[in-house]
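Before any comments, here is the structure.
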Amino acid sequence: MSYLLATLTALVLLNSEAFGKSVTGLFKSEAARQQRGQFITKFMYQGSDGLLVIRLDNVPLATEKESRLLLFQDMDSQLESLNCSERISKAQHAISLTADEYNHTIPKESTPTAWQVLYADRYTCQKDAVIPSHPDLSFSILLFNADSAGNPLEHFSAEEAGLHTFYFLLLLAYFIASCIYFKPLQQALKKGGPMHSILRVLSTVLALQGCSALCSYIHLARYSRDGVGLHLMGSLAEFWDMASQVSMLYMLLSLCVGWTLSRGRKPQSGPLQWEQTPRSRAVAVGGVVVQGGLLLWEQFSEPEGQHHSFHVQQSVAALLLMLLRVVLALLLASVLYQIISTERSTLKRDFYLCFAKGCFLWFLCHPVIFLTSAIFNAHQREKVVTIGVILCQTISMVILYQLFLSRSLYWEVSSLSSVSLPLTMSRTNNRARY
């Protein structure tokens, strides 16, 4: 586990490049020719009072090249099938770059609309023309939506509006909950008991998700001021989330496989630890490696120049990751069904059923919410998926916390049948402790 987390850290931080809504870079004639228009950025305007600000460092060179920015309403599939001249002629707006700074007002639309910004010049569609050895044009582009007062000062696109407030409220909820429950949880961890190791893992996962939310909030707070944000914070948010995902997966798989393997064994007289048989370890580590690999692939498969919440990417890796979660949910359902179907104790059946609810909510919330988001408008889907997944996984951890902190129920489960749980204490130790 430690080696995998170290690898995740290094690769995610190395892949920290992200494009905000303040874009700086170079207009390149060669790139414009190869791409039939150099892709600059994509932004979803709310529908009214949108503004595009363009700043250039070398206006005479831009004039000589006949440089211009092309604005397209979101039509990716249509643009790809067109040749260069047809593609450029489809632009809804063409802005000639003949001044140091140019402000372009986006026309009013009835609904939020995504716009693509491409660069083209006199050499873009002339394949046989020799491109002079001029330096590339440096530029800065700012994209604004209207704020609550109607002024074009808001850096967030329509897809991202509201996420900053959500993370603030989430952190506030984490803070209030930690103030209320920190001392009881600390006492439970100090006392030990049959669920001590599980509570430690759950606490670690919750802390990792809290770190992810904090980094996301810091990134978005800076983003709201300059349209760029802190790329390191955004990458750390993704890393902490990935670490929480693999930690939770390892724990859930270890528990279920450990329960299955230990059901035929005789009760042990001494305190038992988390079952670490070769089979349970292989299953858990295998699941973690597959999920970790898909998470990394998902990060690197994002198209250059586009940056979305890591919950809503639609790459092949992201779809495979959701499929893996469905498969894991089915695997856990099969294991828990075998246990529950042969369990005579109503108390222990309730234990496993409650555990199953927490597991299924953790694994299935992302695929289900992602599919459900299709009924929402395009500008709402990112927020629906991001907020929905975070809240559902938080609720899942609350369910598991209540489950393993419930002394009356799990005292019975762990003390009456030491073979049914991989984490148990002997009756003698339990009597002495409580």
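Just so it is clear, glycine is given a Cβ too, placed from its N, Cα and C backbone atoms.
Marked as signal peptide by TrEMBL: 1-20. Among the features that TrEMBL reports, domain 'GPR180-like N-terminal' is placed at 23-127. Sequence annotations record features per position, and here TrEMBL assigns transmembrane segment to 166-185, 197-219, 239-261, 282-297, 317-340, 352-378, 384-405. Feature annotation from TrEMBL assigns domain 'GPR180/TMEM145 transmembrane' to 170-400.
For the domain 'GPR180-like N-terminal' (23-127), the model's average pLDDT works out to 85. Under DSSP, the residues of the domain 'GPR180-like N-terminal' (23-127) split into helix, strand and coil as follows: 25 helix, 44 strand, 36 coil. Beyond the transmembrane segment (166-185), the same-chain residues lying 6 or more positions past its ends with a Cβ under 8 Å from any Cβ of the stretch are 199, 203, 210, 213-214, 216-217, 220, 383, 386-387, 390, 405. Counted over residue pairs separated by six or more positions, the transmembrane segment (352-378) shares fewer than 3 Cβ pairs under 8 angstroms with the transmembrane segment (197-219), which leaves the two as not touching. Cβ atoms under 8 Å from those of the transmembrane segment (197-219) belong to residues 163-164, 167-168, 170-171, 174, 185, 188-189, 229-231, 233-234, 236-238, 240-241, 243-244, 247-248, 251, 255, 273-274, 390, 393-394, 397, 400-401, 404-405, 423 of the same chain, restricted to positions at least 6 beyond its ends.
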